[in-house]
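As given in TrEMBL:
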DOMAIN    A:6-106  domain 'FAD-binding FR-type'
BINDING   A:Cys253, A:Cys258, A:Cys261, A:Cys273  [2Fe-2S] cluster binding site
Amino acid sequence: MSENPHQTYDARILEVKDLTPREKLFTLRFLDPEIGEHFTFKPGQFVIVDIRGFGEFPISLCSSPTRKGYIQLCIRKAGRMTKFIHQMKEGEVVGIRGPYGNGFPMEKMEGSNLLLVAGGLGMAPLRSVLWYAIDTGKYEHVWLLYGTKAYEDILFRDEIIHLLKHGDAVGCSVKLAYEVESPSCIYLERGFFDRVCKGVVTDLFRGEEFDVDKAYALICGPPVMYRFVIKELLDRKLSPGRIYMTLERRMRCGIGKCGHCIVGTSTSIKYVCKDGPVFTYWDALSTRGLI
Amino acid sequence: MRYVKLSSENFSSFFESLRNWGKVYAPIKRGSIYTFQEVHELGEIELNYTRTMLPPKKFFVRPRDEILRLKNGRWENGTDAEPIVLFGLHSCDMHGLKILDKVYLDEPADPYYKARREKTFIVGISCMPDEYCFCKSLGTHFAMDGFDLFLHELPDGWLVRIGSVRGHEVVWENGELFEEVTDEDLKHFKEFEERRANAFQKEIPQEGLADMLDLAYNSPVWKEYAEICLACGNCNMVCPTCRCYEVCDNWISAYDAVRERRYDSCFMENHGLVAGGHNFRPTRLDRFRHRYYCKSYFDPSSGYNCVGCGRCDEFCPAKIEHVKVLEEVRGSLR
């Protein structure tokens, strides 16, 4: 039955970590070592998680293909299925199929500067890019602009704070914007007054000079964020072909059959699961409804 | 293409010979509608039917389809395919299947669809359009492939086009039932096709259609129709090319569960809803427009996602006419 694309592969939950009150990080390993060996993916791709007898849901991979032997998924408790997996414990088994989608063109971007713009849960797929870039060292410099609601909502907080402190040594500059003030945020802001500020993610662009001929922007965040971030990037004359964004839609099958993620009009129809979820701004200009 | 003639007196023997292939499904009349059902004798079949309510997609993408079955904690293949004969398909439905093929056989191929498709013997039949048909303007009124045998009505029998190796085999095995095509048969075939071509009452003007619809994205016509539309999803169910499906797991006992997929409709409010509550097509207008755009998308390799069968018009409780909507939207640009 291996040729059946609906069949999933068993993976054991190695670790469950609370990231925020709503999000948990699941570290998984395939039971079959051969599958674990051959399972590889590109940053920006996603998998379908199968909880037997309850259903399936798509989730983006937030670990990096450079770190073998396990995969990580950052899952927000948002619905019936995710609520169920939040109750699962280390040692339990779920099904995984994938990886699906096109992912970010990491090879094409080698030697360039990467500008990662994340909003909220959008940090998850971009963490995969971040790790990949740091691990391979094939990119000149990486900026991460991360907008979050409050201190408690910062995903991968330890990693982010670590990079705030020591990121420059590995060619990575992190900037953080928060909306809700709290003592922790103020403390953080005092420590990194030029890197942390109150505001939204677009405020982090202020005062930054990017070499637009050598840069690629990779965006992921809530739907409302794209318009503002893209405007900011276009104002800085970044070419639409260098703006990549990863989108969310209802992806039921992941293989371009079930039709839920179709966007576009009579001249251009795209399956977000198959043609995306990573699109350039050119794609957004030619396919209505993409952003 | 190879052509043979099947005379009227041999028709029932030919029908019987098809039963060697597998169960035969053909259009029958039930109440006021036609439907593809299993038939055991020729007399049950309604050869002069207009269109069935559910298109033949129901044999390949079933309204409810068990895809996996949970046994001892592992998913097992839940469904299998048996050889069947689909008897009496119209050309538009064959084109509909070709559009489904493009989706379901594209990598990674859907194994259930593929197995059923491979085990199905298709016999087409010529038809006369009614007031709902607009297949001619979409080029789907004549099937060049996608069938094993295609029967064209003649005054004294049928002109048979053989479209596949399997079709050849069936004709070969029943050689005594068929004869050579005569000049007179050709004359009748030509006459029938001409009469048919002139019988169409509806057409979609295709020139620049896709672009013009796209340009008319904000047309008030969409809104007018979205208000009339009941959002029942009937048009999706009866459409030979609509194939959205939803998946759900059902427990049948404490130990066994099935993963089932079933028809879904882009008119349903939760079609574009994602976890966390964001809906990418929140209004009925968005969903109405989406269906029309999806149907009018032009794929260079397979044409429009609409075959002009007229089912969505005939079975729309709000009497919305597909062609009229497109014409009005296009007209609103002027």
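Heads up, the Cβ atoms here are built off N, Cα and C, so glycines get one too.
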Any further residue of that chain within 8 Å (Cβ to the Cβ centroid of A:Cys253, A:Cys258, A:Cys261, A:Cys273) of the recorded [2Fe-2S] cluster site: A:Arg250, A:Met251, A:Arg252, A:Gly254, A:Ile255, A:Gly256, A:Lys257, A:Gly259, A:His260, A:Tyr271, A:Val272, A:Lys274
Stretch-averaged pLDDT - the domain 'FAD-binding FR-type' (A:6-106): 95
Which same-chain residues, if any, lie at least 6 apart from A:Cys273 ([2Fe-2S] cluster binding site) yet have Cβ under 8 Å of it: A:Pro58, A:Tyr100, A:Gly101, A:Arg249, A:Met251, A:Cys253, A:Gly254, A:Ile255, A:Gly256, A:Cys261
Summary of DSSP states over the domain 'FAD-binding FR-type' (A:6-106), given as helix, strand and coil counts: 13 helix, 45 strand, 43 coil
Filtered A:Cys253, A:Cys258, A:Cys273 - binding-site residues with C-beta under 8 A from chain B: A:Cys253, A:Cys258
For A:Cys258 ([2Fe-2S] cluster binding site), nearby residues of its own chain (Cβ under 8 Å, 6 or more apart in sequence): A:Arg252
Other CB atoms, at most 10 A from the CB of A:Cys261 ([2Fe-2S] cluster binding site): 26
A:Cys253 ([2Fe-2S] cluster binding site) CB neighbourhood, other CB atoms within 10 A: 24
